[in-house]
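Reviewing the structure listed below.
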Amino acid sequence: MRYNQFSYIPTSLERAAEELKELGFDLDLQKTAKANLESFLRKIFFHYPDSDYPLSHLIAKNDMDALSFFQSEQELSKEVFDLLALQVLGFIPGVDFTEADAFLDKLAFPIHFDETEIIKHIHHLLATRCKSGMTLIDDLVSQGMLTMDNDYHFFNGKSLATFDTSQLIREVVYVEAPLDTDQDGQFDLIKVNIIRPQSQKPLPTLMTPSPYHQGINEVANDKKLYRMEKELVVKKRRQITVEDRDFIPLETQPCKLPIGQNLESFSYINSYSLNDYFLARGFANIYVSGVGTAGSTGFMTSGDYAQIESFKAVIDWLNGRATAYTSHSKTHQVRADWANGLVCTTGKSYLGTMSTGLATTGVDGLAMIIAESAISSWYNYYRENGLVCSPGGYPGEDLDVLTELTYSRNLLAGDYLRHNDHYQELLNQQSQALDRQSGDYNQFWHDRNYLKNAHQIKCDVVYSHGLQDWNVKPRQVYEIFNALPSTINKHLFLHQGEHVYMHNWQSIDFRESMNALLCQKLLGLANDFSLPEMIWQDNTCPQNWQERKVFGTSTIKELDLGQELLLIDNHYGEDEFKAYGKDFRASKAALFKGKANQALIDILLEEDLPINGEIVLQLKVKSSENKGLLSAQILDYGKKKRLGDLPIALTQSSIDNGQNFSREPLKELPFREDSYRVISKGFMNLQNRNNLSSIETIPNNKWMTVRLPLQPTIYHLEKGDTLRVILYTTDFEHTVRDNSNYALTIDLSQSQLIVPIASN
């Protein structure tokens, strides 16, 4: 374990003493440091009628227990304080450590003893994470140190778990959206699942916009999947044009229906544990699946601003600008009289994507988004540089396949009976519009590109993204983060994992940082919290996070690739082609070992190479035919210890998100020896070699200059490392699988790897 503490708010002595007193700690500035520490320790053992007993189980020195120490005349020293602090945080002498000083250095322990600062040290200790993954104060509150009185209690600028999660209100309302996506002449109704604590005060809201939450149709999804085996189409030379079109919602009228009290209820919905954490701290949770999902009406428009509007309508309702009904019969309306109108959206992948889309509408009431692994351009999710390009791990998926997965109205047999025929017509229109044949950008994709509206974002923004996420690739967050207005507060966590949540990792206090931010933005707490704009997980060692100023630098280093002419054959033998088609992982293994159809260049680094941004391959290339697909991957190659990309559970249920509520495991990325690490990758239809909007012809056997931008990253390579460049055609995981008989030739003498270099 190593501390990377970004959530602690430095506090004055007076404020620290005041907050400790509010928690019931009997500390006094006139007492000695030793007396105050003893008083603190006895208080945290509140379960024991006799606190001598638990004190006797701690050691103050290697030869003295804590009870004996406090009964002695010995002075409090750094040695004693450190040893007791470690034990209070759950670290066991002789098990977790033998030498306290060395262990504290390894932990990067954030508290440095000064006898005159004991009150501040105790305050800081309470806000520091235990071995279990919870801060000490959260751990104590979870054990019942504070009663669940359904009111706010704050410590170090963060809300504590004092809302009773055993008496939650669970209710359903149906919000009227200014849409008619299924063309039935009726406004679409949007089902909203609300979970809120009982409270006399208006509550802020965490909203998870999740098209998955009302169920998914995996059978329809699997039937809709496309075969990837097809020839790469030769496209006509042309220029693509699109237009920016404002989404115009329908006009609704004020509702004059009576207020209803008898709301639909529910017992369970698959919740997001970060939401649960805030539910216990006085934040209502709502889950919304939007148009075309079970319990709602409308068509699943998948990624456009009509779908976004169905979520926006819910924020409007929370602020009194839209109508919600108690049921589909629409006999009574219901108002969000429990809400303070301020909303933060949460969630990963499609959920975070909807958060980004919502933010670009500039809707009033949306104070903040926490968007993890989020898409900012749907074209870049299902296409790349003029190619059909599947997200990592999902060959054959496309946006209409996702529509089938999430159109959960068809999971309700009655809805299927009444609406499926019309749904199939609308789905067919969507399938035609996305143009899987060419892979080109068009108006359909432009209408699902949130980047063009990034200037309209006015809420605070928090993004997290994995630099090993080949599902929602790093370009998605790179482009939206760098497009955000300079006038807003923005934050980015870049981790070394894949497509995963990071709120329950051991090495980073993400959850507590979000608590401080949300108390600022949604509760109006003046806590003086300041979070760095960008925090990056160091890839060279375990559990080390660093502040960064930018994602993407203009300083470059050009690396020569060699002097040879390299030939890349596209065609595989029939058996090999079929085998790779059945198991794309086998093709990846062969590729990384140099056993596939590829050109391979190894570069031994003579100095450190700190990459920050978008690596570009500038290549001199020719094709034997009038078509060509170019794929590339950059590897950190050779055996050494690296971070894994999938977090593993260190404990099973040590994190309590309330008071014995929604427990979850503590996780972390492992650090272990392996043979390589993918740094970046990229794909291109050579007919789109100049830009996305220009389709060019490919002259047979004529040299072309190609600039292939790879996925942006921040990655540190060290002197002596090997950087491996792999050039090839078909990627069996991502691209179409064209097995026609053509070849690419690369002139390495006129090719370079252009690397953006991080400044010191």
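Heads up, the Cβ atoms here are built off N, Cα and C, so glycines get one too.
Noted in Swiss-Prot for the protein shown:
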type	residues	note
ACT_SITE	SER349	active site, charge relay system
ACT_SITE	ASP469	active site, charge relay system
ACT_SITE	HIS499	active site, charge relay system
Using C-alpha atoms only, work out the spacing between ASP469 (active site, charge relay system) and SER349 (active site, charge relay system) and round it to an integer in Å. 11
In DSSP terms, helix, strand or coil for SER349 (active site, charge relay system)? coil
May I ask for the distance between SER349 (active site, charge relay system) and HIS499 (active site, charge relay system), taken between their Cα atoms and rounded to an integer number of Å? 8
May I ask which residues of the same chain, at least 6 positions away in sequence, place their Cβ under 8 angstroms from the Cβ of HIS499 (active site, charge relay system)? LYS348, SER349, SER373, GLY466, ASP469, ASN471, VAL472
On the three-state reduction of DSSP, what should I expect for HIS499 (active site, charge relay system)? coil
Row SER349 (active site, charge relay system), column other C-beta within 10 angstroms, all chains, value 20
ASP469 (active site, charge relay system), number of other Cβ atoms within 10 Å: 23
